[in-house]
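Let me begin by presenting the structure, written as structure tokens, before commenting on it.
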Amino acid sequence: MENKNNVTEFILHGLTQDKTVAKVCFSLFLAFYITIILGNLLIIITIKTSEQLNSPMYFFLSYLSFVDISYSTVTAPKFIYDLLVEKKTISFVGCIAQLFAGHFFGCTEIFLLTVMAYDRCIAICKPLHYTSTVNKHVCGWLVAASWVGGFVHSVVQTVLAIQLPFCGPNEIDHYFCDVHPLLKLACTDTYTIGVSVAANSGVISLSCFVVLVVSYAVILVSLRTRSSEGRLKALYTCASHITVVVLFFGPCIFIYMRPSTTFSADKMVSVFYTVITPMLNPLIYTLRNEEVKNAVKKLWSRKV
């Protein structure tokens, strides 16, 4: 493939072309982004400063909150700024950097959510072996593996995209740079690369989703021998994680587990996993977890 690239920047269509709607969206998504930063920072600070929240579950949750902040920051600031400007442009280098960072943090989050399901499975099914199986050393390696897995996935996606020739047009019908919109602009047959992109993203999403389903199936089976109170307590503990998994994996599977085609609904679905889910995560884990709520209250009382 001859890498003939005449494009130095891309023009983003953004979320909407309607100026009135764009102004409303600016206020709304600015509030969402501030909530993402403050909510996830609160989770991180609470876990780091609380002596009660020292279990592996909260260790993973603190890293999930950090990834949520990073992931939303890849797209949200420029997306929010572009809602107020007439011409929404991004340089070629900036576009590739955004693509790399988006897939890096997004894939890392997928692996972290999978690791958290494994943690809950061991905690509920083998409580007597939990402290020895999921110790600090193991937790560190699991988090490191999530980061490395996200990096490798992102490198593959970026290499596949960067070798494409772009000779015009340079208009991306999206509010950020992603693989499928870029494949649509390439001046060559992208079928093979499109299959590779779908396979890379799809295999990761599907395999992690299968691991999640199996983990919770094992948990449900193990709960049959527990008392009603024990079952409710275990399910209540897992409910927050299941909610986050559904909110994040659903849109990701819709976008990436298909051939290199784009739909009009893609932008709205992408908003869900780049903005809405990172905003809801702190609320879900805080409102449904008494330990976190009590730790937040103690932290607030100390500050006051």
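Note: Cβ is positioned from N, Cα and C throughout, glycine not excepted.
Whatever TrEMBL says is automated annotation, not expert-curated.
Positions annotated as transmembrane segment by TrEMBL: 20-45 (among others).
Residues or ranges marked as domain 'G-protein coupled receptors family 1 profile' by TrEMBL: 39-285.
Among residues of the same chain six or more beyond the transmembrane segment (57-76), those with a C-beta under 8 A of the stretch's C-beta atoms are 29, 32-33, 36-37, 40-41, 43-44, 47-48, 98, 101-102, 105-106, 108-109, 112-113, 115-116, 119-120, 123, 136, 139, 142-143, 146, 175-176, 274-275, 277-279, 281-282, 285, 292. Positions annotated as transmembrane segment by TrEMBL: 57-76 (among others).
The annotation transmembrane segment is assigned in TrEMBL to 96-118 (among others).
Away from its own ends, the transmembrane segment (138-156) comes close to residues 56, 59-60, 63, 100-101, 103-112, 115, 118, 200-201, 204 of its chain (Cβ-Cβ under 8 Å, at least six residues beyond either end). The transmembrane segment annotation in TrEMBL covers 138-156 (among others).
The annotation transmembrane segment is assigned in TrEMBL to 203-223 (among others). Below 8 angstroms of C-beta separation, residues 107, 110-111, 113-114, 117-118, 120-121, 124-125, 149, 153, 230-231, 234-235, 238, 242, 245, 249, 252-253, 256-257 of the same chain, each at least six residues beyond the ends of the transmembrane segment (203-223), sit close to that stretch.
Marked as transmembrane segment by TrEMBL: 235-256 (among others). Sequence-distant contacts of the transmembrane segment (235-256) (same chain, six or more residues past either end, CB-CB distance under 8 Å): 106, 109-110, 113, 116-117, 120, 124, 180, 197-198, 201-202, 205-206, 208-209, 212, 216, 219, 223, 266, 269-270, 272-273, 276-277, 280-281, 284-285, 288-289.
Residues annotated as transmembrane segment in TrEMBL: 268-287 (among others).
For the transmembrane segment (268-287), the list of distant contacts is 15, 29, 32-33, 35-36, 39-40, 42-43, 61, 64-65, 68-69, 71-72, 74-76, 79, 102, 106, 174-176, 178, 240, 243-244, 247-248, 250-252, 254-255, 293, 296: same-chain residues at least six beyond its ends, Cβ to Cβ under 8 Å. Confidence annotation: the domain 'G-protein coupled receptors family 1 profile' (39-285) carries a mean pLDDT of 87 in the model.
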